[in-house]
Structures are given as structure tokens and as C-alpha cells.
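Here's what Swiss-Prot has on this protein:
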{"type": "SIGNAL", "residues": "1-21", "note": "signal peptide"}
{"type": "REGION", "residues": "61-83", "note": "region 'Disordered'"}
{"type": "DISULFID", "residues": "CYS75-CYS90", "note": "disulfide bond"}
{"type": "DISULFID", "residues": "CYS82-CYS95", "note": "disulfide bond"}
{"type": "DISULFID", "residues": "CYS89-CYS110", "note": "disulfide bond"}
Amino acid sequence: MNTVRVTFLLVFVLAVSLGQADKDENRMEMQEKTEQGKSYLDFAENLLLQKLEELEAKLLEEDSEESRNSRQKRCIGEGVPCDENDPRCCSGLVCLKPTLHGIWYKSYYCYKK
């Protein structure tokens, strides 16, 4: 019975002493991993920030192009109905009542001068 107690005590002492060494090693490993994790998070954050900035630049560029191209025309082209009281025909055109084939229409149209 004494040999069992001595063996158990010996195993217990070895486990405790080696466990302490492992605990210190584990603490060191955890510190290294957290430092690496922080650097990885910083890298990932910078990468995400760059992608967002590129996306923002593209969106702003598209908005500026869209605003240039979305300007409405302020004049009416040739052969398009117009209002005789408020003619908005383009330069070189006049708002006139149709002749010949268009006399049955009650509207005015933009024609060349």
C-alpha cells in the first residue's frame, strides 16, 4: 500500500512541476499569438480600408459622370410638337403650324427656318 502512495505522490509532484512549466510556456505562446493576431487584425483593417476607399472613389466618379450626362435638353428638336405660346425649339428651328400632310393635326411643330 505504501508503494502505491509513494508512486501516486511521485506522479502528483511531477505533474504539478511540469504543469507549472507548461503554464508559463502557454502564457508565452498566448502573448505571441495575441501580438500576431493584433498585427493580422491591423493588416486586415488596412486592407479593408483600402478597398472601401477604392469603392468610394469609383462611386464618386460615377456620380460626377452621371450628373454631366443627365442634363436635360432645354430645347425641342425638329419635327417635335411644340407650344405656340411657349416655343422651346432648338436654335435654327421655329414653332410653326404643319403644312400639307400635317394640316389635320391641331398642334404646332418645330421646323427649320
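Keep in mind that glycine also has a Cβ here, set from the backbone N, Cα and C atoms.
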Cβ atoms other than its own within 10 Å of the Cβ of CYS75 (disulfide bond), all chains, total 14
Rounded Cα distance in angstrom between CYS89 (disulfide bond) and CYS95 (disulfide bond) is 7
Mapped DSSP class for CYS95 (disulfide bond), helix or strand or coil
strand
Output, ordered by sequence, the same-chain residues six or more apart from CYS110 (disulfide bond) with a CB under 8 Å from its CB, or 'none'.
ILE76, GLY77, GLU78, GLY79, VAL80, CYS82, PRO87, CYS89, CYS90, LEU93, VAL94, CYS95, LEU96
All-chain count of other Cβ atoms within 10 Å of CYS90 (disulfide bond):
13
Based on DSSP, name the secondary structure state of CYS75 (disulfide bond): helix, strand or coil.
coil
Give me the count of other Cβ atoms within 10 A of the Cβ belonging to CYS95 (disulfide bond).
20
